[in-house]
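Okay, so here's the structure we're looking at.
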Ligand code: GLA
């Protein structure tokens with residue numbers, strides 16, 4: 001933890017007491033997109049960038065929040081009696097939502113706290129800055145107040161619950177799970193219907209994972225996301241009229257094809273097709289990775305993009321430009337949109353010797369076509385959230 005942050009904490013909140021530090025990472029999903037609320041598989045990994053936090057217990061009920069990323073907002077004050085979402089609360093709705101969820105689950109918070117954060121995930125990039133803040137808050141509350149029976153998995157579920165019920169975004173479990181449970185150099189092959197998971201080493205001796213940030217975030221993100229989720233639920237209900245299933249993730253491609261006409265609305269049918277095929281693709285991709293068939297893994301990533309673009313309709317012009325440019329580059333094994341969509345980032349597997357040209361050429365052509373720069377990050381896969 002950087003010395004300046006500790007100094008800043010003391011400057012804002014005063015010296016003394018037991019100031020503790022924590023970190024929770026962002027994530028990138030390699031494949032298995034928009035499957036986590038349909039009982040499918042996902043394959044994310046934790047990044048080495050994320051949200052850092054410093055916190056100190058108080059002796060009263062006050063909550064004081066400060067973010068170095070939003071330093072203009074100064075200290076935002078609240079209290080444990082005021083765990084209610086509001087627009088003015090801005091980013092503090094995320095930690096407050098987690099506190100509210102702790103209390104709802106019977107983990108009464110005995111005191112308020114002074115809380116300081118700094119995040120190095122680019123804002124709105126779809127690399128889960130909000131999930132990392134939720135998981136960070138969970139790790140911090142568990143440690144500060146000694147809730148030792150809570151597991152990292154519980155903290156992921158608490159983060160998701162607060163995002164769904166306090167912040168109104170009906171997300172699945174992937175982001176919080178990856179932030180809480182990440183493991184260095186591994187991706188997490190998670191079955192979202194049971195939360196059974198396996199760490200799969202990401203061995204890429206000749207290639208790197210490159211994230212490209214389109215630096216666009218179209219509005220309606222939350223509402224379009226919730227719409228997709230509702231459309232999948234409608235499709236599931238229609239299918240349940242003709243077959244005995246609990247989730248779209250239970251179906252193979254052949255089972256889907258045999259019963260898809262039961263889904264009355266053609267849009268819902270396309271959404272369900274994506275959910276089923278993407279889940280099966282994820283299972284195949286992890287198998288390919290384990291067998292060192294990286295090219296096969298890359299092809300499945302490309303197919304994932306096509307499905308997200310055409311059937312799930314969560315891509316956008318800028319992201320399609322980035323993916324098309326990547327597909328044309330020599331040395332690119334696979335490239336696709338990653339995360340919730342409607343902007344944000346792509347993830348690509350790029351041969352070591354092609355990485356510099358990838359960044360230079362795509363950077364230049366993207367700027368020519370779109371009018372602003374993209375940003376590139378060559379990824380290191382890190383560990384999950386922890387006390388520092
Ligand atoms: C967002 C959500 C996740 C998941 C992805 C799409 O990141 O928070 O739960 O649904 O979108 O795969």
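We count from 1, first residue shown onward.
Glycine is treated like the rest: Cβ placed from N, Cα and C.
TrEMBL lists 7-57 with the feature domain 'Galactokinase N-terminal'. Counting residues of the domain 'Galactokinase N-terminal' (7-57) by DSSP class, helix then strand then coil, yields 7 helix, 26 strand, 18 coil.
In this view, residue 27 (site 'Transition state stabilizer') is surrounded by 31 other Cβ atoms within 10 Å of its Cβ, with every protein chain counted. If you look up TrEMBL, you'll see 27 marked as site 'Transition state stabilizer'.
Around residue 225 (substrate binding site), a 10 Å sphere centred on its CB holds 20 further CB atoms from the protein chains shown. What TrEMBL lists as substrate binding site is 33, 34, 35, 36, 225.
Residues annotated as ATP binding site in TrEMBL: 67, 124, 125, 126, 127, 128, 129, 130. Annotation for residue 130 (ATP binding site): spatial neighbours 94, 163, 167, 175, criterion Cβ-Cβ under 8 Å with sequence separation of six or more. In the three-state DSSP reading, residue 130 (ATP binding site) counts as helix.
What TrEMBL lists as domain 'GHMP kinase N-terminal' is 93-183.
Taken from TrEMBL, the feature Mg(2+) binding site applies to 130, 163.
The feature active site, proton acceptor is assigned by TrEMBL to 175.
The domain 'GHMP kinase C-terminal' annotation in TrEMBL covers 285-367.
The Cβ of residue 125 (ATP binding site) has 23 neighbouring Cβ atoms from other residues within 10 Å, across all protein chains displayed. For ligand 1, the neighbouring recorded positions among 27, 33, 36, 124 are 33, 36, by Cβ distance under 6 Å. Counting only same-chain residues six or more apart in sequence, the Cβ atoms lying under 8 angstroms from the Cβ of residue 127 (ATP binding site) belong to 26, 27, 28, 47, 49, 121, 211, 339, 344, 345. For the pair residue 67 (ATP binding site) and residue 225 (substrate binding site), the C-alpha distance works out to 27 angstrom.
Residue 35 (substrate binding site) and residue 129 (ATP binding site) have their C-alpha atoms 20 Å apart, to the nearest angstrom. Residues in the domain 'GHMP kinase C-terminal' (285-367) partition by DSSP class (helix H, G, I; strand E, B; coil) as 51 helix, 16 strand, 16 coil. Taking the C-alpha positions, the distance from residue 129 (ATP binding site) to residue 36 (substrate binding site) comes to 18 Å.
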